[in-house]
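Taken straight from Swiss-Prot:
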BINDING   R129, R169, G175, G176, R208, L210, E215, G241, V242, H243, Q284, E298  ATP 1 binding site
BINDING   Q284, E298  Mg(2+) 1 binding site
BINDING   Q284, E298  Mn(2+) 1 binding site
BINDING   E833, N835  Mg(2+) 4 binding site
DOMAIN    133-327  domain 'ATP-grasp 1'
DOMAIN    672-862  domain 'ATP-grasp 2'
DOMAIN    948-1084  domain 'MGS-like'
REGION    547-947  region 'Carbamoyl phosphate synthetic domain'
Amino acid sequence: MPRRQDVEKVLVIGSGPIVIGQAAEFDYAGTQACQALREEGLRVVLINSNPATIMTDRHVADRVYIEPITPEFVERVIARERPQGLLPTLGGQVGLNMAMQLEEAGVLARYGVRLLGTPLTAIRRAEDRAEFRALMKEIGEPVPESAIVTTPEEALAFGEEVGYPLIVRPAYTLGGTGGGIAHDREEMRDIVTRGLKLSPVTQCLVERSLLGWKEIEYEVMRDGAGNAITICSMENIDPVGVHTGDSIVVAPSQTLTDREHQILRSAALKIIDALGIEGGCNVQFALNPHAREYMVIEVNPRVSRSSALASKATGYPIAKVAAKIAVGLRLDEIRNPVTGTTYAAFEPALDYCVIKIPRFPFDKFTTADRTLGTQMKATGEVMAIDRTFPGALLKAVRSLETGRDGLFHPAVQALDDQALRERLRTPNDERLWAVAEALRRGVTVPEIHALSAIDPFFLDGIAAIVAMERELADGPLTAERMRRAKQLGFSDAAIGRIVGMDPLAVRRLRLEMGVRPVFKMVDSCAGEFPAATPYYYSCYDEENEAVSPPGRKAVVLGSGPIRIGQGIEFDYSAVHAAWELKAEGIQSIVINNNPETVSTDFDTSDRLYFEPLTLEDVLNVVEQEGDIEGVICQFGGQTAINLAVPLSRAGVRVLGTDIDQMDRAEDRRRFDQLLSDLSIPRPPGGTATSVEEAVAVARRIGYPVLVRPSFVLGGRAMEIVHDEAELRAYMREAIAVSSDRPVLVDRYFLGKEVEVDCVSDGEQVIIAGIMEHLERAGVHSGDSIAVYPTVTLTHRQRETIVAYSTRLALALQVKGLVNIQYVIHGGEIYVIEVNPRSSRTVPFLTKVTGLELAKVATQVIAGHTLAELGYDPDRSGAALVFRTPAGAGWLWPEPAERVAVKAPVFSWQKLTQVDTALSPEMKSTGEVLGVDADLPRALYKALLASGVRVPHRGTVLFTVADRDKAEAMGLARQFSDLGYRIVATTGTARALQACAIPAERVNKVSEGAPAIPDLIRAGKIDLVINTLTRGRDAHRDGFIIRRTAVEHGVPTLTSLDTARAVLTVLSSLREGEEVGISAVQDWV
C-alpha cells in the first residue's frame, strides 16, 4: 500500500527542553522522523522550543518553529501552515499530551488536521489508567489489583482495603513524575496529593506492589494493516519498583526461559493489536520469579527512551519506521536502511549483550535523596555492547565518567557490614558497587539475591568479575590471564591498579602478548545479511569484522552521557563536525556511548564505534582505523578535551587548536601571564594549597571571593563566600585541598556577565555574537537567562569585548571554536575564563545568527582559512572590526528586528531535598529559546517555554537576605503598582512598610502556623521571590520555602535579576495579548 495521498504537509511536535525523564532520545527520534517523512515527498513543519537540538536546524524540516509548546502557540502554527496531518508520537509525553489537548479543544477539527500514526482512541486507552485497566480485563491480560483515584481520601481507603506498600502512578506524566511507593498512610497522602497536582487529568493509579518481581520490556512495532513484530526484549536488572529509566537494563533479556519469552512476546503483540497502535510502542511486564505468572505494568503508545535504547541495541531505526507507518506504509514496504536489502518486517536478531546504565546527577546534588523508586532521577545514560554480560557491564561502568573504571567504590568500601546490607536492600545509584563489595566480603549469591531481589544470573556475572580481581591480585600477569581479564571487560587502568602497574605499561605488555581487541558489527540481523551502514563494538574474540577503507579520515569524539553541565549542546556540535567531514571528502569516524543522541545514529558518520571515551578505548579505535589525519576533541565537551593531552602523548595528532595553547588557557599561572602580556584585566585572585593560604589570598584581594576546586567542570563545588568564617567552613566541608588539588580564590565582582563564541583560523576571528546574561555574575552561565543581541552594553564596551576576544583568540592560535566569558564591574571589562572548545551556547547562536559555527570550525580544522571560505568583514557587513598586526577580528552582523532569549530549564520536581537557589554551580538540565521583535516578547516566550508561568494577578511572597533588601524594595513597589498583593517575612515586611509599600507579614516555619509552607500548600501564594541567606542547611526557612514552592508548582525566583526580567514581561504585555510566531527559515 503506497503512502496516503490525502496528506502533503505534516506537523511534528517536538519534546521541548531536556528534563529528567525526557532527554536527547526525542531529538534523535524527531530528526530521524523528519528525514523519513521528507523521503516520502512530504513537507514537514516542526514546533519545538529547544534550540540545542539537531531537529530544530533549518535543513531538518521545511518550516521550523522554535516556539513554546502550548496549545495557543501550536494552534498559531497550524493556522499559519495549514498541515493536513499531525504526528504526535515522536515528541515524548509532551507531544502526546499536546495532541490530546488540541483534540479536546476542537483545534484539530477546526483546521481539518488528521492525527497520523497511533489513533487518539489508542493513546487514550493506553494513557488513561481506568481505560487501560478495562481493556486488559477485556482481552484477558492480567493487571495488578488497583484503584483509580482523584482524591487522597480515595487512595487512603484503597490502602486500608489491600494493605501497603502500594505504587502510585499519576496519569499522563513523564518519567514517573509525581509517583512513588507508599509504605504507610502518611506517605500515601503526600505522594497522591503531589501526583494529582502534577497529572493533567488529576488522576492517579494506586496499585498493589509487585516489588521484587522481574521487570521485562518489549519494544514492538505495528502497522496500519495489523502486521506486528517485536524488535527487542529488555530486562531490568533492578526488580519492579525502580523506574526503568533509573534501572540498569540488559538487552536481549538474559534470564527468561524460552517459554516465558514466548508468553510475554505473544502478550505484547496481543496488547498492541487490541490498542490499535500504528507505529512504535513499549510494553512493560512484571514477571514473578518464583512462578510462571506475569502482570502488565503499562504501555507507552509512542517512541520512548526504551525505543532509543532498542534502536541502538539492534540497529533497527524505530523512529524512522514509525514515521513511515504513520503516513500509511506497511512494514513489508519499508526498507531497513542499515542492511539496505531487508525490510522492516524482519525481526532483529542479536548475537551480543547490550547494557544501559543510567547517569545520575548526585555528584552535583550531594544532598539529594539517592533512593531509587518509581519517579525517575537520572539525567542521561550510557550503553555498552560486548559478547558477555560482565564485559558489557564493565564497559558501561567506565563510560559513565564518574571516576570509576571498575566495581571498586571507596565510599561503599568504607561501609560496615550492616550498612552494606542496607545498601543492598534499598535500591540506589550505588547498589551495583555494593553487590561487588558484598561478594568481596564473602556474602553469598543467594544471600545477596534475598536482600536485593536481583536475579542470580546477574549476580554470578558480577561474582566472575570479583573472582578475576582476586586472581589478578594473587598471581602473575600471564598472557592467558590477561586475555581472560580483558574478555571480562577489565580496562588496562583497572588491571594496572590491581597489579600495581601504570595503565600505559599494561597496554604495552598486553600488545607484546598479542592480546588485542577485535571489532564486531551491529547490523540488526546477527550477520545474516551484509550491512550497508555498520557500526561496531570491541571485544576480545577471534574474528575482526571491522572494515577500514583507505583514504582521508578523522575521528570525532562525542561527549558521552547527558549530565548537568554537559548536555545535548555538545552532541549538536559533534554531529555537525561528522557531517562536515563527510562533505569535505574525509571519512568521519565517531566514538561515543550515548544511545539517546543523533551522533550515535547509524547514518550520522561514515563509521560509528560504540565505545567508552577513555584513552585505552579511543587508542584501540585509532589503531583499528590505521592512518588517520587525527582526532577532533573540541566538540565533545570536557569529556573529549580531557583526552587531548593523553592522546597527544600517545602519539596521536589532535586536530584544531594546539595542545600547548589549550594548556595556556587552562593553567592558572600561564593564563595570568598571557593576560598580563596582552594587558587584559581579570579579577584579582590566587591559588591555595591549604586553608591558611586561601585565607591569606582572600585577605589580600578582599571579600567577597569566589572559591572553586581547580579540577572540576560545570561549576561543581563552586561558591561565593563573604567573610573569613564562611571561607574556613567551605574549605573544611566542601573540598579536600592539597598541593596536587589546589583551590582557586578570586575576587567576586557583582557585575554583568557577558559571553562570546568565536571561530578562528589563527589569522582571522569571527565573533559570532555577544550574549548578555540577565543574572549577574555568581549565577552559573548555564543557569542564566542569556539575551542576544545585547541590550544594555555601550558601544565602547562592545568594541572592547571584540578587541579582547580577537587578541585572545589570536594569541592562543585558536583553530576552531573558543568561548570567552567576561564580567563588567565598575565600567571595566574583566576576563573570567577562556575555553578553547565548543560551548553550550553554540547551537543557540547558530540558530539566531545563521552562522553555522560547528560547521565552519570543522572546515577550519580540515585546513581551510576563513578567507578561503568567503568570510570577510568588509563583504559580510561586520558590526564591529578590530585589526592587529597578527590578524583581524570582527563581530558577525546582528539582527536589527529580532531579540533572542535563551532560558534555563530545571528538573527540581524529580529531585527531592535539592536546594533550588541559583549559584555558581550549574543546576539546569535543559534550555529553551524565545525569539521576537523586542525583549519583553522574547522573554515572555522563553519564560513560558521554560515552565515559568507567572499569573497577571495574585499574591507575591518576598523573603530576601539583608544585603538584597534595598534593591528588592523597587521590585516590590513595581509588583504592588501592577496590582499584586505583597506578603513578606518579618524583616522584609518591616523594610517594605518603611518604604510605604503595602505588605502583610507572614510566619516563618519557626513562628508557628499558618507558616509560609502552609500558605503555599493551600494555594494562597502565586509567586515566591527568595534570595539566599548564608548557608544552605535543609532545616533553614529559605530551603523549606523553596522546596515547598517547587513541589507545589509555584514559580520561585532566587535571583532579583530574574524577578526584574519577569516584571519586564508583566509590565509590557497585557493579559491575553497575542504574541506572533516566526519560522527559523525567516530569521536569517
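Just so it is clear, glycine is given a Cβ too, placed from its N, Cα and C backbone atoms.
Across the domain 'ATP-grasp 1' (133-327), mean pLDDT in this model comes to 93. In terms of Cα spacing, the binding-site residues E298, E833, N835 that come within 10 Å of Q284 (ATP 1 binding site) are E298.
For E215 (ATP 1 binding site), the spatially nearest entry among the binding-site residues E298, E833, N835 is E298, judged by CA separation.
Secondary structure counts, DSSP: the domain 'MGS-like' (948-1084) has 61 helix, 19 strand, 57 coil. Sequence-distant contacts of R208 (ATP 1 binding site), defined by Cβ-Cβ distance under 8 angstroms and a gap of at least six in the same chain, are P144, E145, S146, V162, L166, I167. Here the Cα atom of V242 (ATP 1 binding site) is found 14 Å from that of E298 (Mg(2+) 1 binding site).
The two recorded residues, N835 (Mg(2+) 4 binding site) and E298 (Mg(2+) 1 binding site), have Cα atoms 45 Å apart. DSSP assigns V242 (ATP 1 binding site) to coil in the three-state reduction, placing it in neither a helix nor a strand.
Of all Cβ atoms in the shown protein chains, 26 besides its own fall within 10 Å of the Cβ of V242 (ATP 1 binding site). In this structure the alpha carbons, written CA, of R129 (ATP 1 binding site) and E298 (Mg(2+) 1 binding site) are 9 Å apart. Its own atom aside, the Cβ of R129 (ATP 1 binding site) has 25 Cβ atoms within 10 angstroms in the protein chains shown.
Straight-line distance linking the Cα atoms of E298 (Mg(2+) 1 binding site) and E833 (Mg(2+) 4 binding site), rounded to a whole number, equals 48 Å.
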